[in-house]
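Taken straight from TrEMBL:
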BINDING   His130, Thr131, Lys268, Asn277, Arg286  substrate binding site
BINDING   His160, His205, His260  divalent metal cation binding site
Amino acid sequence: MGSLPIALTCGEPAGIGPEIAVKARQILGAEVPFFWMGDPRHLPPHTAHRLIHRPAEAMAVPANELPVLAHPFAAPATPGKITYANARGVVEVIARAVDMVLKNEVAAICTSPINKKVLKDGAGFGFPGHTEFLAFLARVEQVVMMLAAPELRVVPATIHIPISEVPRQLTAEGLEATIRITEAGLRRDFGLTRPRIAVSGLNPHAGEGGAMGTEDARVIAPVVAKLASEGMAIRGPLPADTMFHPRARATYDVAICMYHDQALIPIKTIDFDGGVNVTLGLPFVRTSPDHGTALDIAGKGIAEPSSLVAALRMAHHMAEARVRQP
Ligand SMILES: NC(=O)c1ccc[n+]([C@@H]2O[C@H](COP(=O)([O-])OP(=O)(O)OC[C@H]3O[C@@H](n4cnc5c(N)ncnc54)[C@H](O)[C@@H]3O)[C@@H](O)[C@H]2O)c1
Ligand SMILES: N[C@H](C(=O)O)[C@H](O)COP(=O)(O)O
């Protein structure tokens, strides 16, 4: 896999994906070999690109050109304006990239942002997002969404569900599996021999001894105690509002949070441009930028490519490490 490129899926063609892919190539050059999978018509005008027919050909494309593995879409794309007819192509590209990585034709997958509702309405996409779709395609029971930046790693134990659903879907079994997958992923892919794990509470002040909710004592604490008794370096449930200042962040390697925004607000506040979404528990490496389609700025030339650059670099380093240490 060491000499294979990364497949970068196009994501929502009306979003900022195509333009940040071009910027990422300009920044990375030959440092991180990748190709863009999508409809060449969706690239910004005058993009210097080279059509390839097989992933391996990307390795020979000059650094100042974007290697493109074409995938036909139903319609052209207008930045900022959704074309529902293109939804199916977005899904097809993701599935095609998974097929390639499972056949070891590419080193890893990096996914450009999708618009979940557009895929649902336009293509009957039945998953909350990439994470669940990739687990389905890889036939994996449970995976973990981790957002990683140099100063912070976070994992939401529940992801794309309504807040009103969180207490019901936050189970001891699911939380335990999330923490085990996270701990294993940090050891395997991030070189941590004994990851330090901080687990947040669900309720204010981690339930205030039961005065502000019972999930902390009833669901979270027993999981932490069980994993600690097995020797895991784990603490919690902790009051979430004092977990993310610098001194607190220095005491752990990952924060396990109970729901989407409890995890994603701190990391996107601390390092929006450096954060990377990485899926743990898949049989292949997958990363993604930590932002979405940004339709409001698509096509204006002001989209920041840094998170995509960080995601491509992380995928490259993780894939290379897995070649060295399978
Ligand atoms: N990795 C992914 O696939 C991913 C991640 C997050 C959101 N989404 C999806 O994207 C769609 C829009 O989501 P949203 O509005 O909550 O979040 P968003 O990240 O698309 O946009 C939020 C705000 O941040 C700005 N922004 C985002 N990325 C930027 C960049 N690279 N440079 C400069 N500014 C940037 C946008 O202009 C917008 O004002 C939704 O359908 C959501 O589900 C996808
Ligand atoms: N929750 C993610 C974020 O805000 O960055 C995002 O929606 C991506 O989810 P998938 O990778 O599952 O599409």
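Numbers here mean position along the shown chain, with the first residue as 1.
Placement of Cβ uses the backbone N, Cα and C atoms for every residue, glycine included.
When secondary structure is read from DSSP and collapsed to three states, Arg286 (substrate binding site) falls in the strand class. Asn277 (substrate binding site) falls within a strand segment according to DSSP.
Proximity to ligand 2 at the level of Cβ atoms, with a cut-off under 6 angstroms, picks out Asn277 from the binding-site residues Lys268, Asn277, Arg286. Per-site Cβ counts within 10 Å over the binding-site residues His160, His260, Lys268, Arg286 peak at Arg286.
Taking Cα separation as the measure, Thr131 (substrate binding site) is nearest to His160 of the binding-site residues His160, His205, His260.
When the binding-site residues Thr131, Asn277 are compared by the number of other C-beta atoms lying within 10 angstroms of their own C-beta, Thr131 comes out lowest.
The Cβ of His205 (divalent metal cation binding site) lies under 8 Å from the Cβ of Met212, Pro239, Asp241, each on the same chain and at least six residues away in sequence. Closest by Cα distance to His160 (divalent metal cation binding site), from the binding-site residues His130, Lys268, Asn277, Arg286, is His130. Counting only the Cα atoms, the space from His260 (divalent metal cation binding site) to Asn277 (substrate binding site) is about 12 angstrom. Within the same chain, residues at least six positions away from His130 (substrate binding site) with a Cβ under 8 Å of its Cβ are Ile94, Thr111, Ile114, Thr279, Arg286, Ser288. DSSP classifies Thr131 (substrate binding site) as helix under the three-state reduction. Largest Cα to Cα distance within the recorded substrate binders His130, Thr131, Lys268, Asn277, Arg286: about 19 Å as a whole number.
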